[in-house]
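K.L.:
Annotations per TrEMBL:
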type: DOMAIN; residues: 20-93; note: domain 'Mur ligase N-terminal catalytic'
type: DOMAIN; residues: 105-309; note: domain 'Mur ligase central'
type: BINDING; residues: 107, 108, 109, 110, 111, 112, 113; note: ATP binding site
type: MOD_RES; residues: 216; note: N6-carboxylysine
type: DOMAIN; residues: 331-457; note: domain 'Mur ligase C-terminal'
type: BINDING; residues: 380, 404, 405, 406, 407, 455, 459; note: meso-2,6-diaminopimelate binding site
type: MOTIF; residues: 404-407; note: motif 'Meso-diaminopimelate recognition motif'
């Protein structure tokens with residue numbers, strides 16, 4: 001015998017009883033709500049019986065998964081259980097309105113840097129902030145390493161509740177395309193959003209760029225009309241498509257791009273070198289300058305986007321100077337100090353566009369030679385592998401091809417996919433053992449050279465097969481440099 005319940009009635013019960021919401025049947029306890037999420041390989045509906053056996057009092061599922069026998073548990077039928085999960089989580093943690101603005105940052109490259117830049121900008125302007133990024137989840141009294149770019153839906157609302165209790169006045173969150181497509185931010189009310197750029201990545205998941213763009217666009221197009229405060233990269237072709245659709249959208253550019261009928265913050269690079277950037281901004285009749293220790297034209301774009309977002313959210317122009325004291329994010333053009341006269345950097349660049357931008361910045365900085373260590377992740381978009389090789393071939397003097405996170409693929413086979421892109425490269429070293437590859441790069445480097453170790457950034461692990469083993473580019477480089 002089954003009893004059905006309306007979604008509103010369940011939300012009220014969750015709110016009143018502070019019921020626990022589970023998406024893993026193995027974690028269900030007496031009285032819990034079990035939400036059966038659809039999956040690409042396994043459907044949550046297959047685990048409803050297990051959840052009921054463990055004492056679930058409520059089940060949320062698609063019409064096709066409604067069980068015949070529920071043992072007295074109430075069933076809520078939802079066409080989209082993922083969306084329902086977010087709304088239930090918002091009811092459970094009372095986060096439909098947190099009392100502080102939540103800002104979502106998305107794009108292929110630059111999400112992490114922009115998220116941390118925005119957090120820094122608002123903190124230096126005197127605000128108490130919360131941050132949910134690829135590197136860590138942080139707010140007053142709390143700092144933990146992030147297991148993924150965007151947390152799951154229930155955890156997200158729990159953290160937003162904790163932020164409110166900690167007195168947070170503004171929160172900044174990296175939002176991945178996977179999270180948007182899978183509705184992992186369902187129920188969260190974003191006050192503003194920032195788009196960095198859109199270039200090839202995750203096509204193993206989205207299949208084509210239009211689907212990728214559609215997923216990213218949700219963050220902007222689903223904002224309430226009255227709150228559609230957005231900063232969008234006008235230099236990016238997808239950004240130019242999106243910007244005219246946004247009521248309060250502000251563009252930003254480092255290339256002099258103009259978008260008809262749209263406000264665009266124009267940033268001009270006055271100087272760029274190994275010691276950082278000197279920028280001039282022009283927006284709404286005001287001009288100002290900013291010096292930053294960040295290097296590269298791609299960081300000029302990041303700085304422009306963050307300023308556009310900050311101004312759109314009401315910060316004064318004077319507050320933009322707070323960005324001058326931002327020294328960087330772990331694993332994002334992170335310099336590894338040494339006494340050998342070598343310029344060694346670790347960066348998360350793992351897409352053709354990101355690798356191109358980082359290498360172009362190092363080339364423009366005037367280093368004697370650029371040595372690039374890189375690889376490609378296994379079980380991910382294969383089509384970008386030769387493109388990664390081409391990016392390195394265009395801008396590096398030496399290419400050191402190695403393993404990234406091979407996962408269940410053969411590292412040598414992954415490297416073989418990359419090699420066509422390196423066909424025009426004069427000096428290529430192939431070494432599937434990442435530690436040995438780093439050692440080779442350090443050994444061949446001379447004072448005045450730049451060594452870029454790309455792909456893993458802040459990550460302190462390597463995924464080989466289905467096993468995660470400890471491996472840190474930073475730790476390994478420091479050991480190698482100490483012995484060099």
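We number each residue from 1, going along the chain as drawn.
Note: Cβ is positioned from N, Cα and C throughout, glycine not excepted.
Tell me what's around each of these sites.
P.N.:
The helix, strand and coil residue counts that DSSP assigns across the domain 'Mur ligase N-terminal catalytic' (20-93) are 29 helix, 13 strand, 32 coil.
There are 27 other Cβ atoms within 10 Å of the Cβ belonging to residue 216 (N6-carboxylysine). Under the DSSP three-state reduction, residue 216 (N6-carboxylysine) is assigned to helix.
In the three-state DSSP scheme, residue 404 (meso-2,6-diaminopimelate binding site) falls into the coil class. Neighbour list (residue 404 (meso-2,6-diaminopimelate binding site), Cβ cut-off 8 Å, at least 6 residues apart, same chain): 350, 374, 375, 376, 377, 378, 414, 434, 455, 456, 462.
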K.L.:
Hey, how far is residue 107 (ATP binding site) from residue 216 (N6-carboxylysine), Cα to Cα, in Å?
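P.N.:
It is 7 Å, counting Cα to Cα.
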K.L.:
Same-chain Cβ contacts of the motif 'Meso-diaminopimelate recognition motif' (404-407) under 8 Å, 6 or more residues past its ends?
P.N.:
350, 374-380, 414, 434, 455-456, 462-466
K.L.:
Relative to the Cα of residue 111 (ATP binding site), which of the recorded positions 216, 406, 407, 459 has the closest Cα?
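P.N.:
Going through 216, 406, 407, 459 one by one, the Cα closest to that of residue 111 (ATP binding site) is 216.
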K.L.:
Taking the mean position of the Cβ atoms of 380, 404, 405, 406, 407, 455, 459 as the meso-2,6-diaminopimelate site, which residues outside that list, in the same chain, have a Cβ no more than 8 Å away, listed in sequence order?
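P.N.:
Going along the sequence, the neighbours come out as 350, 375, 376, 377, 378, 403, 456, 462, 463.
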K.L.:
Cβ within 8 Å of the ATP site centroid (107, 108, 109, 110, 111, 112, 113 excluded): which residues?
P.N.:
105, 114, 196, 197, 302, 354
K.L.:
For the C-alpha pair, I'd like the distance in angstrom between residue 108 (ATP binding site) and residue 407 (meso-2,6-diaminopimelate binding site), rounded off.
P.N.:
22
